[in-house]
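Undergrad: So that we are looking at the same thing, I have put the structure below in structure tokens.
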Amino acid sequence: MFTSNVTDGQRKENCTTFIQMDLFVHFALIPAVLITLLLSYLQRRTRPHKIDDKLPLEQRFGITVPVNFLSSYSNRWSYGAAWGATASTMFLLFFDEYSNYFNFDIPAWGKVFVYLLSALEVGMDYYPFFACLATTHKLIGSVLGFLYALSWFCVQVVDLFQCPKNSSDSWMTFDKLMPLPSLLCCLFLMGRFIHMFVKFMVACQRAEHIEEEEPFLIGHQFNHVKLLLRRKCDRDDAKKLNILQRIYNWDPNFKFPLRMIITAVLCLICLYNFILADFYLSPKAMKILDSWILNTVNVSYINNTNKILFILKETWFYSTFPAVLLSVIYVFHLLACYREQIRALFEGKMKFIPLKRSPAVLAASIRYTGNQIAYLLWGYLVLHILHFLVGLLITFWFVLPIKQGKGMQVLQGFGYTLLGIVLMVLVIVVQVLAAQFIFLQDKISPSDRNKPLAINNRRAFHNFSYFFMFYSVILGFGVCLLRLIISLLLGSWLLAKIDRSLFPRGYERIDMGYCTWIGMLRVDLHQTHPVVLVFCHLLIQERDVKRQHNMSEATTPADSLQVGRKQRCTAKWQLIYTLLKNPQLIMDRKQHNSLFPIGRDALERQIMSTVHSRNRKHWGSDTPGTGAEDRQGQ
């Protein structure tokens, strides 16, 4: 045992600890690097390298992939639990906690490198969780992953319950509740590793084949394409059968990808930690505010000041609940918006997507999950402040005057305000009715839904527009103020929802959060489109069948060489035929410069000559009276 300061920076007392988390974070790099190197050694590279000629590596030390963010649908909740185990650490990174573990003096400009170093160290500490889940060597991955997760779980539990007498009750509650979701995720992860080990041992005893990699085509994608190939009436009947609730329309042919599951889990856990921090820090901030106000306010105003401070405390406390409810709804609504928009992209509806270059799109998709978490936390804070201000407005404008016996004055002011709004709406309704029944011409056909935008009674229309011009100026002031208030409220309420841009159409690229959402959607569209995947799957199957057929025909090396020559000749002939029929495809080939060294002008002349010759043949065959007798007569 040794004595040290607790690293959270909130407790001032010294306490006797069994484990220092800063030292554990540093020393955990040793087993993390060793596990990563071992899994990399077991991972064989698909292609040989020059180093294989110098060292007998046998194509080992391949690159381990911790998480497939592009097209993975397997072990989604296991990866979600692995990321959930890192959520508390990620939340502390958000508040610059782990940078305090590097005890050396640096200038102010070097702080950014310390933040980067702490993020890389934490990422390396948790890397074995994901590498052990993703490895194809299930036995070693399950054993090492279980032991590593168990060590982290035990250390966090010991650090959680040490120093129980040196902190206040409120901090003790916050300190114990904050890492609880990460500990539960760590327990789930250990159970997953045990399940992997048992499944591997049972498969070995039964001599069953263990699928090492995720299949290229997932079942729900194949079923989605099968549904598209049905008749429209059959698809509509299938949709009617699958609608069980109006709140959420469950689709058996759709699965959320791994990235969205990870994002939802991290958002919920980080939001949980942020709410706990809010409950812990708010009373302390109120105490500081109380002491400062009571020391500066005159003694004769103490009673009124205490009432106002009480109202502030209660309003801040009760405004927490609608902010929490809306933030949780946003997380689940995010998944529904993803499904709706990715379906629209699958159908080819690209109008709501602002076009950007591919490197910018891919880089934006990388930033999506982290940005979504940060936007959700900031959105919760803004929602909390907004509801707090609305609560104060209701309290000071309605509740307190009614309690003081000024209810009639409140009702009178409310009536005047409501009367002004009703008159404004009534004028707008009168304008619409006048346009409908007086100034617009009748429908061209009785079956038309709307009248044509053809003006009737033009003299009356000009007089009507003239007199309402003066009132529209007065109306515009109120409407402009209403627009400002609605924009402020909607912008504050929808800050966490980056699936919609807060800027008007044409300015979406300024919204960095919306750009990350669009980048993620476009990457998922190109990587997980069911029709494209089914098409590629059919091509791969056909290639494998042809390869097996050719290998079965080639019984000797000479036969196999002859089969290879036939394949190359056939491929070249098909390529030449395709390019002759479609010369514009030549520019899309990588070898077009070597095939046409003269340049683009010569290629364009070749294309034009081919098109003209094809048109002459077409016109010659379609023109009457150009048979053999006519040609002889000519």
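Any Cβ shown, glycine's included, is placed from N, Cα and C.
Copied straight from TrEMBL:
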{"type": "REGION", "residues": "611-634", "note": "region 'Disordered'"}
{"type": "TRANSMEM", "residues": "23-42", "note": "transmembrane segment"}
{"type": "TRANSMEM", "residues": "77-95", "note": "transmembrane segment"}
{"type": "TRANSMEM", "residues": "107-127", "note": "transmembrane segment"}
{"type": "TRANSMEM", "residues": "139-158", "note": "transmembrane segment"}
{"type": "TRANSMEM", "residues": "178-198", "note": "transmembrane segment"}
{"type": "TRANSMEM", "residues": "256-276", "note": "transmembrane segment"}
{"type": "TRANSMEM", "residues": "316-338", "note": "transmembrane segment"}
{"type": "TRANSMEM", "residues": "384-402", "note": "transmembrane segment"}
{"type": "TRANSMEM", "residues": "414-439", "note": "transmembrane segment"}
{"type": "TRANSMEM", "residues": "468-495", "note": "transmembrane segment"}
Undergrad: Quick check for me: are there 3+ Cβ pairs below 8 Å between the transmembrane segment (77-95) and the transmembrane segment (23-42), leaving out pairs under 6 residues apart?
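TA: Result for the transmembrane segment (77-95) with the transmembrane segment (23-42) is no.
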Undergrad: Taking the transmembrane segment (256-276) as reference, which of 107-127, 139-158, 178-198 has the most Cβ pairs under 8 angstroms?
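TA: Between the candidates 107-127, 139-158, 178-198, the best contact partner of the transmembrane segment (256-276) is 178-198.
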Undergrad: What else in the chain is close to the transmembrane segment (414-439), if you only count residues 6 or more beyond its ends and a Cβ gap under 8 Å?
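TA: That would be 451, 455-457, 460-461, 464, 468, 471, 475, 478-479.
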